[in-house]
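Q: Mind looking over this structure? Questions follow.
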Amino acid sequence: MSLSNKLSITDVDLKGKRVLIRVDFNVPLDENKKITNNQRIVGAIPTIKHALDNGAKAVVLMSHLGRPNGAVNPKYSLKPVVPELERLLGKPVTFARDCVGPEVESIVNDADNGAVILLENLRFHIEEEGSAKDKDGNKTKADKAKVEEFRKGLTALGDIYINDAFGTAHRAHSSMVGVDLPQKAAGFLMKKELDYFAKALESPQRPFLAILGGAKVSDKIQLIDNLLDKVDTLIVCGGMAFTFKKVLNNIPIGTSLFDEAGAKTCPSCREAKAKNVKLVLPVDYITADKFDKDANTGTATDESGIPDGWMGLDCGEKSIELYKEAIADAKTILWNGPAGVFEFDKFANGTKATLDAVVEGCKNGKIVIIGGGDTATVAAKYGVEDKLSHVSTGGGASLELLEGKELPGVVALSSK
């Protein structure tokens, strides 16, 4: 799956066409159905405006919201998105009470002069995800013929398909892979994601550094395996570093996080040497007597080990210097997972110092890519998203891409 040869919205002629766009409007709502964070809607505006500015007959927007489990549930209606979308676009938006069917088709076919239509939640139909769970966790599969019918219903609403929902690209859902139109192109959000991940995974400027943090090694096994073949330097930090320290260096880690399942793969990191990959691990630690923001703190080093009854929740100053050296040497930096428990101020220093170093690097021309999830939360917490080359919007999707997996929503796009 090449990331760099996919058709993009700027490659297609939209004039006079019904443009069907899969967006990600899965936004948080409060109890009064008011949007508490509009970032995802803001992110889709350039793609929608491009279609309107280039003469689209109509722009038809489809999205999911929450997990209604294949049934209509007013709690998850997309209707509350309409006022915010109208405000950001500066024009009226028609809301369709369903996402397929004759009523929706007639709304879409009657639209003209760049009308914008928002369809109701795709996941009100079991055919979108292909299955649903009841409250006891029992799974029901969607009927194959009905899934086909649903996909035909979506296809009937457009002449050109644009996918701008990178965060759902790892899901083979009907709206991601089942729209059967001759031209299927990436929107601006999707294109930016693909361009930056191609820069890292297909043609990185070297030296290429990956910083992998977070808690569990077992969550990152495939990621480590895939990246060991691509990077020049690998920093392993955060909670998962303690499993490496215990297994590879036999260092006492007290009550620090130890991942039994992940421990079995640490020896494979000895392969790093064979692959000429420099492996950087922390060498000193900020410790705590309990997992709590108000815990008593201490310090430990590799020489002393972490005493019984204490756990490492952040790295110390010497480790930060090692990370900074690796960042200074690199030209391409990919960061996935924090360097400590950044949610607690006492243990946020390692993550903050690493962030400061990559922001500085970016200012000096390095390519810095933040791979979604907790690390994107860190960038947002310190308000530096616009000071980095790219902060991914897809936690699960970016992780699967970095693991070397094909993303169904990307595979489904037309090639140039």
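Don't overthink the numbers, they just go from 1 along the chain as shown.
Just so it is clear, glycine is given a Cβ too, placed from its N, Cα and C backbone atoms.
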Q: Which of these, F95, F124, F342, F344, does Swiss-Prot list as part of the ADP site with G214, G238?
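A: The record-listed residue among the candidates is F342.
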Q: Return the residues near F342 (ADP binding site) by Cβ distance under 8 Å, restricted to its own chain and a separation of at least 6 in sequence.
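A: Once residues fewer than 6 apart are set aside, F342 (ADP binding site) is near A348, T351, K352, D374, V378, K381.
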Q: From the Cα of H170 ((2R)-3-phosphoglycerate binding site) across to the Cα of G214 (ADP binding site), what is the distance in angstrom?
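A: So the Cα of H170 ((2R)-3-phosphoglycerate binding site) lies 21 Å away from that of G214 (ADP binding site).
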Q: Do you know which of the binding-site residues H170, K216 has the most other C-beta atoms within 10 angstroms of its C-beta?
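A: Counting every other Cβ within 10 Å of each candidate, the maximum falls on H170.
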Q: Which has the fewest other Cβ atoms within 10 Å: G66, G312, G337, the binding-site residues listed?
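A: If we count Cβ atoms within 10 Å for the binding-site residues G66, G312, G337, the smallest count is at G66.
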Q: Name the residues of the same chain, 6+ apart in sequence, whose Cβ is under 8 Å from the Cβ of K220 (ATP binding site)?
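A: Counting only residues 6 or more apart in sequence, the Cβ neighbours of K220 (ATP binding site) under 8 Å are L212, G214, M240, G262, N336, G337.
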Q: Measuring Cα to Cα, tell me the gap between A215 (ATP binding site) and G238 (ADP binding site) in whole angstrom.
A: 6
